[in-house]
Amino acid sequence: MEKRRKVNDVLMFMATLLLAVIFFFPIFFNLMSAFKTNPEIMRDAIALPKSLNIESFKYLLTETEFPAAMLNSLLLTVLSVVFMVLIIPMAGYAIERHNRTWTRVIFTFYLAGMMIPFQAYMIPLFKELKMFGLYGNLAGPIVVYVAGSVGFGCLLYTSFLKGVPREIEESAEIDGCTRFGTFWRIVFPLLGPCTASMIVLQGLGIWNDFLMPMLVLPSGQPKTMIVEIFYYVGEFSSRWDMIFAGTTMSIIPILIIFLFLQKYFVKGLASGAIKG
Amino acid sequence: MVVQQQHNDPAKAIAMPAVKKKRKKWQWYALLFILPSFILYTLFVIVPTLSSVYLSFTSWDGISTEVRYIGLSNFEEIIQSERVHNALRNTIIITVALVILENLAALVLAVLVDQVRWFRNMFRSIFYFPVLLSGIVMGFIWTIILNYNFGVFNQLLIMVGLESWMKDWLGDPNYALLSIILSTVWKSAGYYMIIYLAGLQSVPGDLTEAAGIDGANRWQQFRHITFPLLAGAMTVCMVLSMIAALKIFDQIAVMTDGGPGFATETLTYIIYKVGFGEMRQGFGTAMALVLFLLILIVTIIQVKFFRKREVQL
């Protein structure tokens, strides 16, 4: 019995390992190809790079507009997330703690938005952004990202707030703190894990987004990393090494953040999904 | 998605004048707290959605100031157009295939990660990695892997002596859709795995143990105890994977551009092509509304259907 159990464990480990190799291979292939020269990729796609060739990175960073696109990606992601943190936790807090009919109606109104696909409103959205003067600059996508994450964000915060005791806020208020002060000084710090989850999940989505920056940012100028990569696939169809260098530069920051903040990816996902 | 809230406020019952005043004040603060998100959300989600409804009855081109009302013509065209039928068929194939395959893969991965004795966290991370990639990046990687001449996949087939199986995976209309489906399973399975894993870990160990003592083997334990208790996670995963599949876009844009011919054109892809390529935004919004209704109806049916078989502990 003991022996059979051990055999089982080993078999299961081998099966998992095999699947892990298959799952990891495309990512490994990408990282590896970024350090190969183009002829090397064409000649033998599976072979390891002969030497660490960083020419494609150099070319991408000096000869193309990729650095500007990287900056755009970074600005878009950081600014959108900052505005989300300024606006959404507050709303979630008011909805959860001031439990009245009107706040419940607003909550349902927000959640309904989670069902609307972006494609369903993107065409009039661009017209509207033009009207507000938000078309053709970074402000446009930022506003849309923040608006689009209200439903998910409020769901995340209200479910998290249910587990935060009210006593602390109440005593702060008795001590003369305003609601506004109580929220930012007392409650908001307690919501740290929830905020972290929202930041990593929404930040990832914005960093990786394609359709909106492609359509909203001005043409003829560098847009975001992902959009540039998409254009390169069409334009530099024979410079795979360069495109692989680009995709690598878009993956590395995500991998690093994921390795450090793994639990927030998992937690936000599980709580956002299970409670829904 | 329905969220139930409790609303029994003990303080309300013993409201004194001072407390009452404070409550009133709180109401204004609550309004202030909600207002920014409300304005943004209404202005940039709800208003454009409603404008979509209006524009779907027009022949607007997206540029001119003239918006001409043409009644139901757009919807008539949707019903009659061969191209839309083809896209609908592709969307349905992709959605059904992805919902089944992604959930199956996710369930297998979750069980393996839950049961494996060594390197559990490492395995979990590896299976989750592809979720972190953009559809564009993932699409490019697979475009190269599946390339006819230089791709890894065909190279592997040669190595194991299956040269006759070699295909132009993305250039052959018979295989392009399949290639997109399978590479999307690779990308998304890890996401649903996390949700199933959370479900698996909430199944109390003494239940399966008791069944084991009663003589149930491991498969029977899984089939009759663990699996029914996963129904909640399954509802969530089924609905989420279905919505995601109906909206599939990025990987198609980079892998096939809807081709070869119209072999991989989906509803979302038509909306984009028609609205921004052919400048027929009135027709594009009509398509978008059809997609929205499709998502709405299928979600409601699915939630109703799956909630029934959920088991409470």
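The first residue you see is number 1, and the count goes up from there.
Glycine is no exception: its Cβ is also placed from the backbone N, Cα and C atoms.
Whatever TrEMBL says is automated annotation, not expert-curated.
Taken verbatim from TrEMBL:
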- A:70-261: domain 'ABC transmembrane type-1' (DOMAIN)
- A:12-32: transmembrane segment (TRANSMEM)
- A:74-95: transmembrane segment (TRANSMEM)
- A:107-126: transmembrane segment (TRANSMEM)
- A:138-161: transmembrane segment (TRANSMEM)
- A:182-207: transmembrane segment (TRANSMEM)
- A:242-261: transmembrane segment (TRANSMEM)
For the transmembrane segment (A:182-207), the candidate among A:12-32, A:74-95, A:138-161, A:242-261 having the most Cβ pairs under 8 Å is A:74-95
One stretch in A:12-32, A:74-95, A:107-126, A:242-261 has more Cβ pairs under 8 Å to the transmembrane segment (A:138-161) than the rest, namely A:74-95
Sequence-distant contacts of the transmembrane segment (A:107-126), meaning Cβ under 8 Å and at least 6 residues beyond its ends, amount to 95, 135, 144, 148, 150-152, 154-155, 158, 211-212, 215-216
If one takes Cβ-Cβ under 8 Å and requires six or more residues beyond its ends, the residues near the transmembrane segment (A:242-261) are 27, 30-31, 33-34, 36, 38, 41, 56-57, 59-60, 66, 70, 73, 196, 200, 204, 207-208, 225-226, 228-229, 232-233, 236
Beyond a gap of at least 6 residues from its ends, the CB atoms lying under 8 Å from the transmembrane segment (A:12-32) belong to 45, 48-49, 244, 247-248, 251
